[in-house]
Amino acid sequence: MGTFCTVVKFENPQELKRLCHWGLIIALGVIAICSTMAMIDSVLWYWPLHTTGGSVNFIMLINWTVMILYNYFNAMFVGPGFVPLGWKPKNSQDSVYLQYCKVCQAYKAPRSHHCRKCNRCVMKMDHHCPWINNCCGDQNHASFTLFLLLAPLGCIHAAFIFVMTMYTQLYNRLSFGWNTVKIDMSAARRDPLPIIPFGLAAFAATLFALGLALGTTIAVGMLFFIQMKIILRNKTSIESWIEEKAKDRIQYYQLDDDFVFPYDMGSRWKNFKQVFTWSGVPEGDGLDWPVREDCHQYSLTIEQVKKKADKRVRSVRYKVIEDYSGTCCPLNRGIKTFFTSPRTEEPRIRLQKGEFILATRGVRYWLYGGKILDDSVLEGVSRIRGWFPRNCVEKCPCDAETDQAPEGEKKNR
Ligand SMILES: [Zn+2]
Ligand SMILES: [Zn+2]
């Protein structure tokens, strides 16, 4: 019940702003269309309310809708939980293992990441979800995942109603005239004639809702399996990416080292219980995490710090040779650049001739990196980072990537 109150009572009116967003409008639109059409089809044509089965079916449809909306709004308004502004580790010596967030003026607690959309450091961040216009993290991981489970189940029920409605209605129609026996058999448990005939508009609306329901089942169902796979290892999407990068780094430098993910509790059931609890509130405070016996409290953050240093070492300095306006798909940079614009929500950056850029990664025609503003390149408060076309820049002859000796990184375990 505690969680329900949080849904109703908004902690601050700003939260209502979350409601004005395209993701939310589309998600609620799909839920509204599928559940309304399923109810209309059941009551009018497929399974009337005065039969026991019909009533049970109708209650189940309402039940799906309520549970889906409950978990959806719970995930949205409870939110992921944010690291308190100005947070420091209890033991100040531990801060060497942590990264510092300049926006939040706080150390990044283990498993937390800064979200640019939420503009806060998010506890056990999984990803920023546009459909709930909020981050998925520690506090709402369970309700978010339940939503991913319930939405496809509700859609399968609705899709069943849609298919059966269309089938029975069209079947009645088609067989009418030359085989009266069949009509009697198929219409036996229904009213002799529905109050409103199943017309072309009803057929079109049902077909449309069926498309939405099947699409949602596949798309959201896949997300559910991906989520469950990582939850059973007590991971987040970001952490599986960090793990991948860690293995990458170990291989790149040929270290005889093995990265062990520190939060795996050893069994799927134990990992599951870390996220799903009866109270709906996850275990722990979102800042301290239980770790495996053979791991350090900060194993993962140490790896992140190493990765960041390594990224610096491996990044390449470029000089801007042509201006770029920062548009997503530039028309004047060649057709290949136009069509291969990275499909991400990450920003593009405006370039001016003569500027310097430190690129950390790239694809064939695009690079991702940050502008070099002054001496405090990587520590600068306002880092400007994003994608830009590769053909606007040229590699600097003097590679300035050597201020951190790669050798040091190699040996330092
Ligand atoms: Zn932050
Ligand atoms: Zn976010």
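Glycine too: its Cβ is placed from the backbone N, Cα and C atoms.
Look at TrEMBL and you will find 19-46 (among others) tagged as transmembrane segment.
Per TrEMBL, the feature transmembrane segment maps to 58-83 (among others).
Long-range contacts of the transmembrane segment (146-167) within the same chain, counting only residues at least 6 positions beyond its ends with a Cβ under 8 Å from a Cβ of the stretch, are 31, 34-35, 37-38, 41-42, 45-47, 57, 60-61, 64-65, 67-68, 71-72, 75, 198, 203, 206-207, 209-210, 212-214, 216-217, 220-221, 223-224, 227. Summarising the annotation, TrEMBL assigns transmembrane segment to 146-167 (among others).
For 195-226 (among others), the entry in TrEMBL reads transmembrane segment. If one looks beyond the transmembrane segment (195-226) by at least 6 residues along the same chain, the residues whose Cβ comes under 8 Å of a Cβ in the stretch are 30, 33-34, 37-38, 41, 44-45, 145, 148-149, 151-152, 155-156, 158-159, 162-163, 165-166, 169-170, 237.
Here TrEMBL flags 313-398 as domain 'SH3'. Mean predicted confidence for the domain 'SH3' (313-398): the pLDDT average there is 82.
Tertiary proximity for the transmembrane segment (19-46) is limited to same-chain residues at least six positions away from its ends with a CB under 8 Å from its CB atoms, namely 54, 57-58, 61-62, 64-65, 68-69, 72, 76, 129-133, 151, 154-155, 157-158, 161-162, 164-165, 168-169, 194-196, 198, 202, 205-206, 208-209, 212-213, 216.
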